[in-house]
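Colleague: Input: one structure, supplied below.
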Amino acid sequence: MPEATSPRDTTLAKDLPSHPFDIDADSDKLREECGVFGVVGVTEASNFIALGLHALQHRGQEAGGIVTYDETSGFNQARRMGLVRDNFTSADMMAMLPGEVGIGHVRYSTAGHKGQTAIRDVQPFFGEFSMGGAAIAHNGNITNAIALRKELIERGSIFQSSSDSECIIHLMARSMGRTIPDRMEEALRKVEGAFSVVAMTRSKLIGCRDPLGVRPLVLGKLGDGWVLASETCALDIVGADLIREIEPGEMVVISAETGVQSHFPFRRAKSRFCIFEHVYFSRPDSILGGRSVYETREAIGRELAKESPVDADLVCPVPDSGTPAAIGFSLESGIPYAMGIIRNQYMGRTFIEPSEQIRNMGVRLKLNVNRALIRGKRVILVDDSVVRGTTSQKIKEMILEAGAAEVHFRIASPPTQWPCFYGVDTPEREKLLAARMTEDEMRDHLGVDSLKFISIDGLYRAVGQSGGRDAKSPQYCDACFTGEYPITPTDMIERGFKTKVAAE
Ligand code: SF4
């Protein structure tokens with residue numbers, strides 16, 4: 001039997017204010033919760049993992065962690081609150097994470113302690129099994145986690161965190177599988193929801209996507225080694241070549257010696273990839289489904305211009321995520337594109353001890369209007385989404401204060417009317433502006449001259465389905481726009497959430 005290999009743990013929870021003021025906390029955006037990255041067969045794996053996580057930082061900024069394995073020191077892990085660049089760049093830190101195999105995770109909390117990540121919730125999670133140790137990191141959300149957790153606790157499992165992802169480790173512990181991949185497979189069969197998981201043993205890297213492939217996961221080649229990452233931008237930063245996307249429902253077990261072994265442990269289902277990854281979550285320099293995210297967003301802007309034209313002088317993006325769609329809108333409409341709002345690139349996310357005055361400045365800390373450009377102009381503002389409507393209202397006020405003659409909002413996604421239960425932080429349904437108001441009511445509420453969202457068919461056309469959403473059965477998850485959840489949100493229904501079908 002292998003020796004016990006409990007990880008050398010350099011997890012720290014020190015020096016943290018209990019409630020740092022997060023200038024993005026009131027931002028009117030849905031937030032992707034996690035990014036995952038793993039390598040095998042690469043010397044100094046932790047350096048590559050840190051770089052990969054840095055490229056995925058937009059998917060989660062609250063905390064991050066890395067686990068590696070090295071023959072001499074065994075498993076090593078470090079988990080930290082805050083950004084990758086602040087925690088995983090020093091030579092001392094990297095020296096504590098030796099080895100040629102490892103995984104990493106960045107997170108923004110969706111399940112567990114929402115918005116107040118505790119260090120114990122930071123992934124990867126580690127488990128000690130009879131055949132050796134394993135660590136896992138998860139992007140997504142387990143929709144039956146409450147029921148699973150209850151059952152596991154009743155049967156003796158002792159949970160260390162409030163994260164739904166820890167269920168996977170406990171399910172693996174209860175499995176009778178002979179190998180860690182076998183146990184992981186059995187555990188994931190009991191899990192419902194959206195998951196892209198990377199895991200590691202002492203010599204293997206494992207990747208798996210849920211049967212619908214809701215969240216992304218890609219495979220890359222780095223010299224003699226292999227990489228798994230949430231997005232291709234994380235392959236680019238380490239110089240890895242994109243091999244392919246991990247398919248929905250696929251599990252890959254990778255080692256330096258045997259290469260990539262693939263199988264499909266789940267019942268096959270039609271892919272329902274998150275369409276919002278195209279609109280907002282993924283970085284514009286990533287490739288999704290063989291298409292550049294930037295080009296898709298530009299196509300969304302073009303569709304929007306065709307569907308909802310307006311006579312105006314300037315097309316301005318709400319930075320940064322509205323930029324490619326604004327360029328597409330400008331190209332299609334012929335209305336000049338201009339940077340009417342400038343983002344302060346050097347503003348960090350957090351003030352540790354903000355004064356009340358700073359708290360009240362909100363959006364102005366991040367965005368400033370380019371007055372000379374805006375004055376007297378009829379301005380089209382292109383943004384990716386409207387969630388609560390709070391930021392849109394503040395931006396409208398800033399634009400009018402700067403002397404704009406008219407303000408027209410064009411939104412690169414359909415109205416967000418339903419919460420996401422698949423790993424994206426969304427307010428309760430009652431707080432979503434589009435769940436409470438019609439498009440015209442939202443326009444009046446925001447006090448703008450016009451407000452138009454791209455239609456769901458327009459969005460499908462822009463992502464490459466020329467006949468619109470219902471030309472085939474939907475190829476994407478679009479539940480936050482349509483209320484049609486491709487995976488039953490079991491826990492939420494138990495807690496009283498009414499799906500569209502139940503509400504009708
Ligand atoms: S509900 Fe919306 S954000 Fe969530 S996975 Fe589906 S499309 Fe993506």
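Each residue's number is its place along the chain shown, starting with 1.
Positions of Cβ are set from backbone N, Cα and C atoms, glycine also.
What TrEMBL records for this protein is below:
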ACT_SITE  Cys34  active site, nucleophile
BINDING   Cys274, Cys420, Cys477, Cys480  [4Fe-4S] cluster binding site
BINDING   Ser321, Asp383, Asp384  Mg(2+) binding site
DOMAIN    34-257  domain 'Glutamine amidotransferase type-2'
Colleague: Just the number: how many Å between the Cα atoms of Cys477 ([4Fe-4S] cluster binding site) and Asp384 (Mg(2+) binding site)?
Modeller: 17
Colleague: Using CB under 6 Å from any atom of ligand 1, narrow the recorded positions Cys34, Cys274, Asp383, Cys420, Cys477, Cys480 to the ones that qualify.
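Modeller: Once distances to ligand 1 are taken from each Cβ, Cys274, Cys420, Cys477, Cys480 fall under 6 Å.
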Colleague: By a simple count, how many Cβ atoms lie within 10 Å of the Cβ of Asp383 (Mg(2+) binding site), its own Cβ left out?
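Modeller: Around the Cβ of Asp383 (Mg(2+) binding site), 24 other Cβ atoms lie within 10 Å.
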Colleague: Mean pLDDT over the domain 'Glutamine amidotransferase type-2' (34-257): what is the value?
Modeller: 94
Colleague: Let me check the 10 A CB neighbour count of Ser321 (Mg(2+) binding site). How many other CB atoms are there?
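Modeller: Taking every protein chain into account, the count is 21.
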Colleague: Any idea what the Cα distance is from Asp384 (Mg(2+) binding site) over to Cys480 ([4Fe-4S] cluster binding site), rounded to a whole Å?
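Modeller: On Cα coordinates alone, these residues lie 14 Å apart.
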Colleague: Sequence gap of 6 or more, C-beta under 8 Å: which same-chain residues meet both conditions with respect to Cys274 ([4Fe-4S] cluster binding site)?
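Modeller: Cys274 ([4Fe-4S] cluster binding site) has long-range Cβ partners Ala194, Val214, Arg215, Pro216, Phe281, Tyr422, Val424, Tyr476, Cys477.
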Colleague: Residues with Cβ closer than 8 Å to the Cβ of Cys480 ([4Fe-4S] cluster binding site), same chain and 6+ apart in sequence?
Modeller: Leu30, Phe276, Thr416, Gln417, Trp418, Pro419, Cys420, Val424, Thr426
Colleague: If the Mg(2+) site is taken as the center of the Cβ atoms of Ser321, Asp383, Asp384, which further residues of that chain fall within 8 Å of it by their Cβ?
Modeller: Lys29, Val279, Tyr280, Pro317, Val318, Gly322, Ala325, Val382, Ser385, Ile411, Ala412, Ser413
Colleague: May I ask for the distance between Cys34 (active site, nucleophile) and Ser321 (Mg(2+) binding site), taken between their Cα atoms and rounded to an integer number of Å?
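Modeller: That comes out at 18 Å between the alpha carbons.
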Colleague: What count of other C-beta atoms do you get within 10 angstroms of the C-beta of Asp384 (Mg(2+) binding site), across all chains shown?
Modeller: 23
